[in-house]
Amino acid sequence: MTKFVFVTGGVVSSLGKGIASASLAAILESRGLKVTLIKLDPYINVDPGTMSPFQHGEVFVTDDGAETDLDLGHYERFIETRMNRANNFTTGKIYQSVLEKERRGDYLGKTVQVIPHVTNEIQEFIQRGAGMGTPVAVDVAIVEIGGTVGDIESLPFLEAVRQMSLRMGANNSTFVHLTYLPWIATAGELKTKPTQHTVQKLREIGIQADALLCRADRRIPGEERAKISLFTNVPEWGVISMWDVDIIYKVPRMLHEQGLDGLICDKLRLNTRPTNLQRWDDLVYATEHPQGAVTVAMVGKYVDLSDSYKSVNEALRHAGMRNHVRVQIDHVDSETIDSADAAARLARYDAILVPGGFGQRGVEGKIATARYAREHKLPYLGICLGMQVATIEYARHVAGLANANSTEFDPATPHPVIALITEWQDADGSIQQRDQDSNLGGTMRLGAQSSDVLAGTLAHRIYGDVVTERHRHRYEANVNYLEPLRKAGLVIAALTQREQLTEIVELPQSMHPWFIGVQFHPEFKSTPWNGHPLFNSFIAAAKARHQARHEGPA
């Protein structure tokens with residue numbers, strides 16, 4: 001039978017429930033348990049696909065094409081289990097499902113209410129995410145409830161998991177509550193009162209935490225832990241200190257050394273092998289002992305919030321570990337770059353990356369960036385929109401297609417080298433159609449799709465014959481312009497197996513040492529253990545350029 005760990009949060013948001021949940025999952029996985037994670041988001045959006053990155057951070061895409069919370073990226077980077085659309089759902093998704101059932105008459109004329117209909121639906125979604133009753137059922141499902149205890153939006157989720165825990169029995173579920181202890185500099189002490197109040201709020205709705213993860217900017221002394229235990233009815237060994245660390249991969253060791261996994265296994269009566277976190281220790285050591293450094297300019301439009309590019313940032317760091325260098329990432333606002341000052345802004349970097357994005361703002365700065373990288377032989381990786389701007393730049397300045405553009409930015413362009421594809425086939429074989437007036441939510445090419453890679457290319461050296469990567473985009477390279485671009489020297493290095501859509505473009509090695517644009521999002525499949533072959537190669541090229549410029553090791 002699947003056991004459940006419910007993770008809640010209090011006092012303030014952004015305490016790191018996702019990292020804490022993923023770290024606990026990693027520890028339990030090291031004990032030989034099959035683990036998954038489920039994220040419950042209290043907002044009314046059906047999914048985060050149409051939300052601004054400035055509000056929500058990046059949208060993480062799964063193999064099956066779900067647009068999900070960025071915490072699922074943490075989950076996949078910390079454990080072996082791959083996420084899918086069942087691992088993340090929102091209030092909007094729940095209400096959508098309930099209303100569809102009501103319209104079908106599934107409730108047999110009853111008055112549809114939050115209790116029991118909405119709370120029952122939440123429980124069904126949780127069980128589905130854990131694979132209960134199926135061959136893919138897991139030993140432990142860690143359920144992270146978004147938001148903060150006390151928020152009205154989270155109440156149906158908290159009530160649902162309270163009911164679920166009661167029904168399952170004491171040894172089949174447990175509650176872990178993440179809280180915050182502020183340091184008051186003028187008083188010179190940590191304050192426990194907010195933690196006391198948030199646990200009290202949790203108890204008011206019928207939930208007693210079995211463990212408290214106490215976030216602070218420093219270790220919590222034993223005296224404060226004893227005080228918290230007394231006022232929250234949590235045993236002192238269940239009051240876990242979670243202080244700020246410089247590397248998130250230190251968190252599993254931190255939690256294990258304070259006995260969190262032992263407490264969970266005892267509560268759930270799980271007999272496991274001993275914990276082995278050696279690979280996490282090795283990972284931290286590799287991170288802390290690089291043999292050099294490279295600096296990468298990430299030129300985008302959402303640079304004011306680094307979480308907008310969370311997976312890209314992590315993929316670059318993973319590749320740094322594989323190449324034994326520390327990767328310094330400078331986020332550069334593309335609106336601040338034009339052709340006249342590109343050299344002044346970009347010359348000092350070892351490599352340039354242009355990530356995905358939507359909308360016209362900052363696009364000309366990205367095009368200028370791609371041109372500078374091409375003309376100055378600076379390693380360039382363009383992801384999604386980054387591939388499209390590289391294609392536009394090449395069309396304008398090499399292929400002689402004046403004013404070439406994407407119809408996303410200029411519907412009247414004389415040379416729409418990037419355009420909206422109106423019909424395509426999903427991973428499940430179903431035909432999808434869209435146009436300029438289609439709904440924005442859920443209408444993109446999404447999820448994992450396979451492409452054939454052209455032999456003899458840089459992409460082939462990196463990937464081999466076939467590449468399978470995740471997608472999230474609405475516009476494509478226009479097939480009508482592929483031949484003129486090829487004749488001008490642009491290499492179309494990979495095409496989708498079904499629709500023959502452009503997936504990878506690159507410059508020939510005779511023209512540029514490392515210049516690749518990809519329509520997909522490779523960052524979603526990078527892990528700290530292996531990195532990702534494309535990012536690994538990109539950082540290797542950055543390292544080689546750094547060594548050539550400085551005539552010594554990076």
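Backbone N, Cα and C atoms are what each Cβ position is placed from, and that goes for glycine too.
As recorded in Swiss-Prot, the features of this protein are as follows:
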ACT_SITE  C384  active site, nucleophile
ACT_SITE  H521  active site
ACT_SITE  E523  active site
BINDING   S13, K191, T192, K193, P194, T195, Q196, K227  UTP binding site
BINDING   S13, D151, I152, E153, K191, T192, K193, P194, T195, Q196, K227  CTP binding site
BINDING   S14, L15, G16, K17, G18, I19, D71  ATP binding site
BINDING   D71, E144  Mg(2+) binding site
BINDING   G357, L385, G386, M387, Q388, E408, R474  L-glutamine binding site
DOMAIN    295-548  domain 'Glutamine amidotransferase type-1'
REGION    1-270  region 'Amidoligase domain'
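For the binding-site residues given as G18, G386, the lowest number of other CB atoms within 10 Å of the residue's CB is seen at G18. Cα proximity to E144 (Mg(2+) binding site) (within 10 Å) is found for none of the recorded positions I152, R474, H521. For the binding-site residues shown (S14, T192, T195, Q196, Q388), fewest C-beta neighbours within 10 angstroms: S14. In space, G18 is the closest of the binding-site residues G18, D71, G386, M387, E408 to T192 (UTP binding site), judged by Cα positions. A C-beta separation below 8 Å, combined with a sequence spacing of at least six in one chain, links I152 (CTP binding site) to none of the other residues. According to its DSSP assignment, Q388 (L-glutamine binding site) is helical.
Taking the C-alpha atom of D71 (ATP binding site) as reference, the shortest distance to any of the recorded positions S13, K191, G357, G386, H521 belongs to S13. Each of the recorded positions K17, K191, K193, R474, H521 was scored by how many other Cβ atoms lie within 10 Å of its Cβ, and the smallest score goes to K193.
When the recorded positions S14, T195, H521 are ranked by how far their Cα is from the Cα of Q388 (L-glutamine binding site), H521 comes first. The binding-site residues listed here are G16, G357; among them, G357 has the most other Cβ atoms within 10 Å of its own Cβ. Put simply, the two farthest-apart Cα atoms among S13, K191, T192, K193, P194, T195, Q196, K227, the recorded binders of UTP, are 23 Å from each other. Cα distances from P194 (UTP binding site) to the recorded positions I19, M387, E523 are smallest for I19.
Under the DSSP three-state reduction, R474 (L-glutamine binding site) is assigned to coil, being neither helix nor strand. In this structure, the CA atom of L385 (L-glutamine binding site) is 10 Å away from the CA atom of H521 (active site). Taking only the Cα positions, the spacing between H521 (active site) and G18 (ATP binding site) is 22 angstrom.
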